[in-house]
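In what follows, a structure is listed as structure tokens, so that the remarks can point back to it.
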Amino acid sequence: MMNRANWTPSQLILHRQDVMPDASWQQFQADVARLAKFEPAQYITGVAPFFGVMFKVTSAVLIPRFETEELVDWVAKEQTAARTGLDLGTGSGAIGITLARQLPQVAMTLSDVSEAALAVAEQNAQSQHVQAQFVTSDLFSHLPGRFDFVVTNLPYIASEETPVMDQSTLRYEPKMALFASHHGLALFERFIEALPAHLNDHGTAYLEFGYRQQPALQKLFAEKVPQAQVTFRQDMAGHPRMAKLQF
């Protein structure tokens, strides 16, 4: 209701006893019908909040999550001297565009394997007056060059987790942005193999992962990039959800 009327919470309270115009009532009924089918409110309204800004979202992109703001905050606080950055698997562009705003000295590149997702990210960048380079790429396959930092929120959900997942996520969010094979680790394995060749000297990578994946990732990092100094970080709920690899 607030989004459709472009109201603040205070305005919603102020108008709570107003009679709804016919068009607004019909729109409200249509929205509720979609909600009843588990469609996420963000897809119904076409926008989702992230870091205090509304981002356009469509069914081509994952809905930005609040916990990912913690990953962005970590990068923004540490990469004040960086000059080049990559948001790999950008989706809506929430991570990369926010970092471009927070770190204006950084030339950001945003990439995704999905052209439809990348189109949404470009629209979000334009609406927020953010300059960035956009590249369609399967991980690093079409990304020549190196970066001071790489940040990524790759698909990491294992198929065996579907019984406990929210129905709205399962029914409506893009599967390719959610799931990965090999117990959710397949894309991390490919990412780590290629990562060193795409970082500048003393470069850094930041990633988000599932709350039960830290032991497997520790083993993967030790085997594939033993030269990296690895730091894990918990989210606000106390779950291990983020990692930094310093080369």
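Including glycine, each Cβ sits where the backbone N, Cα and C put it.
Just so you know, TrEMBL annotations are computer predictions that nobody has curated.
Listed in TrEMBL for this protein:
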type	residues	note
DOMAIN	3-46	domain 'Release factor glutamine methyltransferase N-terminal'
DOMAIN	73-161	domain 'Methyltransferase small'
Check your understanding: Which residues of the same chain, at least 6 past either end of the domain 'Release factor glutamine methyltransferase N-terminal' (3-46), have a Cβ under 8 Å from a Cβ in it?
Key -> 56-59, 63, 167-169, 171-173
Review point. In the domain 'Methyltransferase small' (73-161), how many residues does DSSP put in helix, strand and coil?
Key: 31 helix, 22 strand, 36 coil
Point to revise | DSSP helix/strand/coil residue counts for the domain 'Release factor glutamine methyltransferase N-terminal' (3-46) | key: 29 helix, 0 strand, 15 coil
